[in-house]
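Student: Next up is a structure, given as structure tokens.
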Amino acid sequence: MESISQYAWLIPIFPLAGSLLIGIGLISFRRATNILRWRYSFLIIALLGISLILSCLILFSQINATPSYQWIFQWIVTNNFLLEIGYFVDPLTAVMLVIVTTVAILVLIYTDGYMSYDEGYVRFFAYLSLFTTSMLGLVLSPNLLQIYVFWELVGMCSYLLIGFWFTRPAAADACQKAFVTNRVGDFGLLLGILGFYWMTGSFEFDVISMKLLQLAEYDNFNTQLAIFFGFLIFLGPVAKSAQFPLHVWLPDAMEGPTPISALIHAATMVAAGVFLVARMFPIFSQFPFLMDLIAWTGAITAIIGATIAVTQVDLKKGLAYSTMSQLGYMIMAMGMGSYTASLFHLMTHAYSKALLFLSAGSTIHGMEPIVGFNPAKNQNMSLMGGIRKYMPITGNAFLIGTLSLCGIPPLACFWSKDAILSNAFVHSPLLWFIGWSTAGLTSFYMFRMYFLVFEGEFRGNSVNQEKIRSNKLPKESNTKMTLPLIILTLFSITIGWIGTPFNNQFMFLIHTINQEIEPFDINEFLFIAGSSVGIALLGCYTAYLIYIKDKNTDKFANLLQPFYQLSFNKWYIDDIYEYIFVKGNRQLAQQTLLFDKKIIDGFVNLTGLITLVSSESLRSIENGKIQSYILMIIFTLLTILGISQTYYSLIL
């Protein structure tokens, strides 16, 4: 029987075709391509719309228990090496396809309004389309090697998009920082993939899992080696999903245009790391030590990201640290074995965070005519305030996203966060406490952002680009920007209902890894949900007291000065990296240069000097005068006779 899954290969092909078409147009017919910019954007959106329809059909087929589908082509076949490429569709793939395509198409529609007057409008659409293609290809990959290829393509596209405004020094530095930081994780990922191939002779997930089980039965050394290779693979998600200690690139990535910030943080780059851990879950779950390492990496990242977010002044960077914290939740859940809860939170967070970032972009777009185009001003929350009165759609959308991310029922993230905390309570009370505390901090910093930006009195007319007082006020964004906000608002309200614990339709993912569905316990649910909602409300009320009622933020900062300084300086992690890696490498380079000049060059120059002196000496002897030669012969003979006479006198 024919399955819709066999057409899954078309899903990344459509956006790839659009990206290539624009690329060829920009190279060969730049002027005509820029004139037809609106038609190109419509074409890209239409092509991605076809991919979205196919993704939804595949998801529905998987929900209806359609078997997983795999198509493999043997690309390289030798006596001792086999490389296969193709595509693989299972429930995890189906969910990720829908998340990526829905968020991507809404971001593209939003971009049409946000970037309409940017000179790089067409180029940006080409990059976005290629970025989406790379993530879709990664999701469909049937083996580790193919995942690595698309993994690198995702990294390349992020480099291009973060540095899209490359004339800005900050953007140029940010894309380099993201690229270099991710190289650390990618190098570990590559070594881990090659290590597992060396152990098992395969890049296929199921083959690796089966052979590792067999090897572990014979030799404990194989187990330790497998844990090490698993750790190397985990370095890839640590970097890509901005986990501690390779998280430092993510806030700087905010130098790119806001639509790409939404796509990176919601459905593509950072989601790739969680997806890889999910795909490797049957392998990682064989090693308890590795699972504990994953869980604690996520927990530490969650609390660090949350504590840094509470003092951010830049709106987009505050949301960036929020993403870091929520990704920590997902990785922690994977490490605890909460496969479904982690992926459920990935889905709910994707829509809520896309809503928050696009709302932030709409706010920044409204601030630009007042304070100018400098990100230090139009993203500065201290220059905002009361914007909901002037931009009601944007303000209400941001409020819904905030309520969802804080875990307020019945919005989307409440159900997924509650599922993670419920599993954490059973797995480890300490992990539960970290997750519970992070939930309170999440509520505090999110409502802090909301109150600073959308409530109170507008503070932006006190400064503009020319430092002259302005009486302008923000205006609501155009329909192309507000329509995606409305759609994402609906998703942020309703998408979590498919995973409620008393009617969980999301549990079909469980069958991928053969886990049993635990019965619903109303008492446990009320305790976990009540405690998480309680701490969230406490965080919200604390933010209200400080930023709305009292409005004396200095008193709050002085009261908790050590913690405030630690948070404001981002735990000094960037400073430590600057001192060790940047300044350290610079000092090492200077010392190497000095060694090269004084020692290496000195040795080479000394050799040349010796050659020069000896050649000059020989040249003075070989002067062509016969009397000089006779004199030299006589002198040599006399010297030999003198030595001989001395020798014989000593003997006698």
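Backbone N, Cα and C atoms are what each Cβ position is placed from, and that goes for glycine too.
Copying in the features that Swiss-Prot gives for the protein in this structure:
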- 9-29: transmembrane segment (TRANSMEM)
- 91-111: transmembrane segment (TRANSMEM)
- 147-167: transmembrane segment (TRANSMEM)
- 225-245: transmembrane segment (TRANSMEM)
- 258-278: transmembrane segment (TRANSMEM)
- 289-309: transmembrane segment (TRANSMEM)
- 327-347: transmembrane segment (TRANSMEM)
- 395-415: transmembrane segment (TRANSMEM)
- 424-444: transmembrane segment (TRANSMEM)
- 482-502: transmembrane segment (TRANSMEM)
- 526-546: transmembrane segment (TRANSMEM)
- 630-650: transmembrane segment (TRANSMEM)
Student: Is the number of Cβ-Cβ pairs under 8 Å between the transmembrane segment (526-546) and the transmembrane segment (258-278) three or more, considering only pairs separated by 6 or more positions?
Tutor: no
Student: Counting CB pairs under 8 Å, which listed stretch among 147-167, 258-278, 327-347, 424-444 touches the transmembrane segment (289-309) the most?
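Tutor: Stretch with maximum Cβ contacts: 327-347.
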Student: Test the contact criterion for the transmembrane segment (258-278) and the transmembrane segment (91-111): 3 or more CB pairs under 8 Å, pairs 6 or more apart in sequence, then answer yes or no.
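Tutor: Since 3 or more Cβ pairs under 8 Å link them, the transmembrane segment (258-278) and the transmembrane segment (91-111) do come into contact.
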Student: Considering only Cβ pairs under 8 Å, which range in 91-111, 147-167, 327-347, 395-415 makes the most contacts with the transmembrane segment (424-444)?
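Tutor: Ranked by Cβ pairs under 8 Å, first place goes to 327-347.
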Student: Which of 9-29, 91-111, 147-167 shares the most C-beta pairs under 8 angstroms with the transmembrane segment (327-347)?
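Tutor: When the Cβ pairs under 8 Å are tallied, 91-111 comes out ahead.
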Student: For the transmembrane segment (147-167), give me same-chain residues lying six or more residues beyond its boundaries with a C-beta closer than 8 angstroms to one of its C-beta atoms, as numbers and ranges.
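Tutor: Residues 120, 123-124, 127-128, 130-131, 133-135, 137-138, 141, 174-176, 178-179, 182, 186, 189-190, 193, 236, 240, 252-253, 255-257, 260, 264, 268-269, 272, 276, 279.
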